Amino acid sequence: MPPTINMGIPGASSSVTGGVSGKRVLLAEPRGYCAGVDRAVETVERALEKHGAPVYVRHEIVHNRYVVDTLAKAGAVFVEQTDEVPEGAIVVFSAHGVAPTVHVEAAARNLKTIDATCPLVTKVHNEAKRFARDDYDILLVGHEGHEEVVGTAGEAPDHVQVVDNPDAVDKVTVRDPDKVIWLSQTTLSVDETMETVRRLREKFPTLQDPPSDDICYATQNRQVAVKAMAPECELVIVVGSKNSSNSVRLVEVALGAGSDAAHLVDYAEDIDPTWLDGVTTVGVTSGASVPEVLVRGVLDRLAEYGYGTVQPVTTANETLVFALPREIRPARS
């Protein structure tokens, strides 16, 4: 096994050059499932074990095609709206969170709800509620229409404005420039978010920061790992679905950090052999909603093309685990 290339950890080296000639893969670590996704997927699995099929899930539990298809085969039924769930049935809310109106709709239909919202998303919801109570204008940096943004904005619709990107700052107006705070979607590009905030602060100099980082640890860690390996890569392959915000951001980060090309794939079969023409070093990573089996498939496919040497590039070690929703926790013995 080639040596692990550590970066960002005490005693780590500061270069990804591993001294290996010929074709190779640099494999980002950390990658794949974050604690919130792991919790959400296990929530649906446990609900199916406890209650049997069907278990309804509002929106995709996480933004990954393979995960959704696998759970659907096991008996999960994915719906877009609460009124698609039969009265009295079990419904799981996705990791992205929902607006308070959705809880009201569910109660009106006598639904048995299991909330799989990521605790880090819940934190942003609570911040929105808190600052709305204090009558702040809340500038929510995030992608208009994304489920997480819809849910967070729904906590305080009269106080929240969504700021989609740095160029959207020009259109932002507030009631009192001395009473403004920014919050963010948890899965954004750190660099683009900071550029948006920089422009907001130019416009509103007393803009307040969130009490703590809103962009989640896993999103940041995966972007840092890609930045570490991308300068050494002619190609970076990101395993993830097109509707996964954090996966799409990894493609952007790879290109911005120096990779000649970067592509998003759901499966190994999506790799176009022409991408590999003239390529010596391929970087591989995966979004926070991607199971490791899909990454292994990509590595196997690359090995078929001669990229059998795999060097991990480690920038962080993740140990965080979130407790399951109380409705499906195992009974204590």
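Our numbering is plain: 1 for the first residue shown, then up by one each step along the chain.
Glycine is no exception: its Cβ is also placed from the backbone N, Cα and C atoms.
Listed in Swiss-Prot for this protein:
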type	residues	note
BINDING	CYS34, CYS118, CYS216	[4Fe-4S] cluster binding site
BINDING	HIS63, HIS96, HIS146, SER244, SER245, ASN246, SER289	dimethylallyl diphosphate binding site
BINDING	HIS63, HIS96, HIS146, SER244, SER245, ASN246, SER289	isopentenyl diphosphate binding site
BINDING	HIS63, HIS96, HIS146, THR186, SER244, SER245, ASN246, SER289	(2E)-4-hydroxy-3-methylbut-2-enyl diphosphate binding site
ACT_SITE	GLU148	active site, proton donor
For HIS146 (dimethylallyl diphosphate binding site) and CYS216 ([4Fe-4S] cluster binding site), determine the Cα separation and express it in whole Å. 16
If you count, for each of the binding-site residues HIS63, HIS96, HIS146, the other Cβ atoms lying within 10 Å of its Cβ, which residue has the minimum? HIS146
Over all shown protein chains, what is the count of other CB atoms within 10 A of the CB belonging to the residue listed as 'active site, proton donor'? 26
Out of CYS34, CYS118, GLU148, THR186, CYS216, point to the one nearest HIS96 (dimethylallyl diphosphate binding site) in space (Cα versus Cα); all of them are recorded positions in the record. GLU148
Which one, from the binding-site residues CYS34, CYS118, has the smallest tally of other C-beta atoms lying within 10 Å of its C-beta? CYS118
Taking SER289 (dimethylallyl diphosphate binding site) as the reference, which of CYS34, CYS118, THR186, CYS216 (the binding-site residues) have a CA within 10 A of its CA? CYS34
Which ones, of the binding-site residues THR186, CYS216, SER244, have a Cα no more than 10 Å from the Cα of GLU148 (active site, proton donor)? THR186
Using a 10 Å cut-off, grab the number of neighbouring Cβ atoms around the Cβ of SER289 (dimethylallyl diphosphate binding site), all chains included. 32
Relative to the Cβ position of SER245 (dimethylallyl diphosphate binding site), how many further Cβ atoms are located within 10 Å? 24
Cα-Cα distance, maximum over HIS63, HIS96, HIS146, SER244, SER245, ASN246, SER289, record's dimethylallyl diphosphate binders, Å: 15
Suppose the isopentenyl diphosphate site is HIS63, HIS96, HIS146, SER244, SER245, ASN246, SER289. Which further residues of the same chain have a Cβ inside 8 angstroms of that site's Cβ centroid? VAL62, GLU147, GLU148, THR187, ASN243, SER247, GLY287, ALA288
Quick check: of the binding-site residues listed here (CYS34, CYS118, THR186, CYS216), which one has the Cα closest to that of SER245 (dimethylallyl diphosphate binding site)? THR186
Please give me the CB contact count at 10 A for SER244 (dimethylallyl diphosphate binding site), counting all chains in the structure. 25
Going by DSSP, is ASN246 (dimethylallyl diphosphate binding site) sitting in a helix, a strand, or coil? helix
Length of the line joining the Cα atoms of THR186 ((2E)-4-hydroxy-3-methylbut-2-enyl diphosphate binding site) and SER244 (dimethylallyl diphosphate binding site), in Å: 12
